[in-house]
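Working notes, beginning with the structure itself.
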Amino acid sequence: MQFDFPFIVSAMKEMVKTIPLTLMMAVLPIVFGFLVALGNIIVRIFRIKGLVACSRFYVSFFRSTPAILHIMLIYLGIPPVADQVSSFFHLGWSANEIPVSMFVIMALSLTAGAYLTEIIRSGILAMDTGQVEAAYSIGLTYSQTFRRVILPQALKVSIPNFTNLGIGFLHTTSIAAIVAVPEITGTATIVASDNYAFLEAFIGAAIIYWVLTLILESANGVLERKAARFQGGTL
């Protein structure tokens, strides 16, 4: 079969339309996962009784199992539970009304939360303990020290890891095609199925992922420069 160069362009035009959905499934899990990670960090730092073990189990489970399983567990497990809740409380709605992409975002948010917990924790461990001691010496409480010194510095140190995770999640969105979410890779498969030009379609998809990754890497450089103002904490 002859290689079809023009089809790469036409396939990319269709895939470009799915970039907003793809980015949403990559960015929102990082945002929600960051909130989950902050909760985990607070639980561990303040050693909240009964929750430390739960936090460790959560992080261990989601870092030790593949994201595709998380998606399938949420995609297959949440709808029956949601329907039961709706029926019990007479809410009058069905899980079928929930966009499939929302299940993907839920699953990847839990995945991101586990990884971000370890990223932020490693950033905290990398801190100079002298800064914490200095904060205590001027009368800051532990919670104030955490909010104004520890967390800003840990986030600054962790920016490259955040970017790497974001790039990884951008690529991970490709597995959403398994539950029929039309993101970049899923759309490439669909547009290629008419004339079996799968090679051309996937080359187009690779170009789009490459460009998006370059943009994220550039954004990382900007963030690192802006975050330099947090050097030394925010006392």
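The backbone N, Cα and C atoms fix where each Cβ goes, glycine too.
Swiss-Prot lists 15-220 with the feature domain 'ABC transmembrane type-1', giving sequence analysis as the kind of evidence.
According to Swiss-Prot, the transmembrane segment annotation covers 23-43 (among others), on the basis of sequence analysis.
According to Swiss-Prot, the transmembrane segment annotation covers 59-78 (among others).
If you look up Swiss-Prot, you'll see 100-120 (among others) marked as transmembrane segment, on the strength of sequence analysis. Long-range contacts of the transmembrane segment (100-120) within the same chain, counting only residues at least 6 positions beyond its ends with a Cβ under 8 Å from a Cβ of the stretch, are 21, 24-26, 28-30, 32-38, 40-41, 55, 58-59, 61-63, 67, 70-71, 73-75, 78, 154-155, 158, 161-162, 165, 169, 172-173, 176, 179-181.
Sequence-distant contacts of the transmembrane segment (165-185) (same chain, six or more residues past either end, CB-CB distance under 8 Å): 15, 18-19, 21-23, 25-27, 29-30, 67-68, 71-72, 75, 100-101, 103-104, 108, 111-112, 115-116, 119, 202, 205, 208-209, 212-213, 216-217. Marked as transmembrane segment by Swiss-Prot on the basis of sequence analysis: 165-185 (among others).
Per Swiss-Prot, transmembrane segment is recorded for 196-216 (among others), and the stated evidence type is sequence analysis.
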Q. By a Cβ-Cβ criterion of under 8 Å, what residues six or more beyond either terminus of the transmembrane segment (59-78) are in contact with it?
A. 40, 95, 100, 103-104, 106-108, 110-111, 113-115, 117-118, 172, 175-176, 178-179
